[in-house]
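A short write-up of the structure that comes next.
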Amino acid sequence: MAYRKRGARRETNLKQDDRMQEKEENKNITNSIENKSTAKTQLSEKVLSQKEEIITDNQEEVKIADEVRKSNKEESKQLLEVLKTKEEHQKEVQYEILQKTIPTFEPKESILKKLEDIKPEQAKKQTKLFRIFEPKQLPIYRANGERELRNRWYWKLKRDTLPDGDYDVREYFLNLYDQVLTEMPDYLLLKDMAVENKNSRDAGKVVDSETAAICDAIFQDEETEGVVRRFIAEMRQRVQADRNVVNYPSILHPIDHAFNEYFLQHQLVEPLNNDIIFNYIPERIRNDVNYILNMDRNLPSTARYIRPNLLQDRLNLHDNFESLWDTITTSNYILARSVVPDLKELVSTEAQIQKMSQDLQLEALTIQSETQFLTGINSQAANDCFKTLIAAMLSQRTMSLDFVTTNYMSLISGMWLLTVVPNDMFIRESLVACQLAIINTIIYPAFGMQRMHYRNGDPQTPFQIAEQQIQNFQVANWLHFVNNNQFRQVVIDGVLNQVLNDNIRNGHVINQLMEALMQLSRQQFPTMPVDYKRSIQRGILLLSNRLGQLVDLTRLLAYNYETLMACITMNMQHMQTLTTEKLQLTSVTSLCMLIGNATVIPSPQTLFHYYNVNVNFHSNYNERINDAVAIITAANRLNLYQKKMKSIVEDFLKRLQIFDVSRVPDDQMYRLRDRLRLLPVEIRRLDIFNLILMNMEQIERASDKIAQGVIIAYRDMQLERDEMYGYVNIARNLDGFQQINLEELMRTGDYAQITNMLLNNQPVALVGALPFITDSSVISLIAKLDATVFAQIVKLRKVDTLKPILYKINSDSNDFYLVANYDWIPTSTTKVYKQVPQQFDFRASMHMLTSNLTFTVYSDLLAFVSADTVEPINAVAFDNMRIMNEL
């Protein structure tokens, strides 16, 4: 509908009675304005009347103008919102870019679960022997390529897997070594893995299920000699009870036998007795009179345990690894928070606020600043503050303070906080801001001194500057204490601990704080109004009224911190963290004002849980370091150092469970590599690698994907008959061929010799382990796909991507009839040099393995300890006085 503009001509066909009606309506409206008492009746008449109303153009236009104004306002509002969201989005993008170098963390529950899920390795029971090889039946082929009914047994690789793409055989051995390290058992108890030999005459047992399966398959093979069958029927365990020894028969490849013999002779289990369990409990927990520990159980002589690997500071992650250190401290903080006890029987929030209101005489005052004293005080905040302080100190996590300068009560509570918590625990910017607020709001005004103008970047903190300027002994004395409040580094039971000052531990420092506060409240505040002075005095009065409770709170804080600290096994290195834990000063006020008289101490079960999680993480950390160091050494020996280094370090971090590896900056990765490279290799891991290194050729021979070399010729060579495969392009020896070492060729890059030989029509043998692929299609052989090998050498000068094709043409191949029916002699320009795998010989593969008849490995030593506490109200601190004296 189009609206008319102002002064537009009215419609001429309006009826007279309509105009009269309009006049009457106008009259009614004017009457209603004059006589308000009759407004309701006229309104009801208007609503109920049948008469129609006509709205004039002028009125329409006014409405439209209003709508336009409104819409303009709304559009401008929307535009502002769009701009705001754009700015916020840009900030988010910038934040995300920043986050790439600062690690982000998962929800707290998941980190806690990851930590608690790290269990000692011995919990995984070994059910089978370690094996690289397994015997397989392979068919035999006649001279014409047809398969015989007979089979022959060979040792083949159990996991014969090479990844696709450009691949070096040496990487296969590095992965094999990694796999051996992962599966390497800490102990082997053959009795636990032994299974029944189905073919035994007298229900004998063999060492494991795989040995039983091999025996079963050989027993059922028609070509097995009768003497072997009789031997299998006699296979059983031999027990020497007097020596607590049992011998089990096993079927193993000689290399596998060497591995398992090594594992049996180098087991990590040690005898377990009550003394070991007693000494396993942290000494400070044993000597703490608040905990009553009992060991009722007498352990059997066969009890064993695996000593946790608790070496200290081999990588020094606190030094120059900001992201890694931040992640470790965060996970430690979350774990510590979960074990700090909850405060009990806090003073009723309502009652305390009412009492504070009375002390402040708020009813008689209208000063806004004093009503702020009561904001944010609640029991939840008090409990949260208690947990945050202890957990941050246990994990050495840096804190930042959040406060409002006009809330004097927060600042006075902050004075207590700075008294009991060492300065190092706060990020410097936050510490300086808080100290400056205390000085310019409370201390300097009290003595009529001018405001402190602090220069950013000043090496001295505001309190250090103030200590030199203030003449009052008590205040200067308190400032001196705060400025020198640092952790003492003490080594206890081989672990570096960050210990609080003795004056804090026994609570005496609170008297020093109160003396300073009372001196401040007595000052005249000469440059400030009376109301200001009164507000500060009342804030100090509120805190000083709770002197006894504050002493108790300080003692309680110190006791819980030190008791839980006894359960930490890694050195407590102090270093500022990338991210911080926020602490509201109002929550500190809540803690100071609501702390009751109930003593809370960690339960023994909580302490043991905290200790176990710390031990398991620390032990796993050291074991993973040993693995990483061993693999770095192996990569170096296999000339893969440059290629694999970053992935080795990434795997190391992943296995520690708590790290988000993708967010760790590269510079820290390479620094970590340099630290790992300097560490010595553990002897067991080195011996295992030497075993693999000595037997590389045997392992290559057993693989269906690794050749020992390739022969390349300019002219085609005939496929030869082989019993194992039929017609194949395999060379079993290199007699008569000119040989070039593949490793030498890759290292020197001198291809002139090989190119000249090929162009002069002389076959050349490249000797060295390299991967190959198998093809049994006759059509692909006709297509001469193997020419690509020649092209790679002559044109591309690339040996690292060399992957020859092994052709197997026999009665199992597709289109074999082409060869058989047409007497076609297939040829190839390449031959794969492949040695025959080791034939399975039952007599040579039968080994007797010896282990203890029985022993029991206990992983949780603290399960034998029953523990209880004295009534918390009677709990005493280090000075043999009750923790909480103000009862």
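Cβ atoms here come from the backbone N, Cα and C positions, even for glycine.
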Of the ranges 401-421, 548-568, 674-694, which one does Swiss-Prot flag as region 'Hydrophobic'?
401-421
Rounded to an integer, what is the Cα-Cα distance in Å between Phe231 (site 'Interaction with the intermediate capsid protein VP6') and Met848 (site 'Interaction with the intermediate capsid protein VP6')?
14
Give the distance between the Cα atoms of Met235 (site 'Interaction with the intermediate capsid protein VP6') and Met846 (site 'Interaction with the intermediate capsid protein VP6'), rounded to the nearest whole Å.
10
Which bits of the chain, at least 6 residues beyond where the region 'Hydrophobic' (401-421) starts or stops, bring a Cβ under 8 A of a Cβ in it?
369, 372-373, 375, 389, 393, 430-431, 433-435, 437-438, 441-442, 463, 478, 481-482, 485, 504, 509-510, 512-513, 517, 535-536, 539-540, 542-543, 550, 554, 557-558, 582-586, 588-589, 591-592
Secondary structure content of the region 'Hydrophobic' (429-449), with strand meaning DSSP E or B:
18 helix, 0 strand, 3 coil
If you rank the recorded sites Phe231, Met235, Met846, Met848 by how many other Cβ atoms lie within 10 Å of their Cβ, the lowest count goes to Met848
In three-state terms from DSSP, label Met235 (site 'Interaction with the intermediate capsid protein VP6') for me.
coil
DSSP tally for the region 'Hydrophobic' (401-421), helix/strand/coil in that order, comes to 13 helix, 2 strand, 6 coil
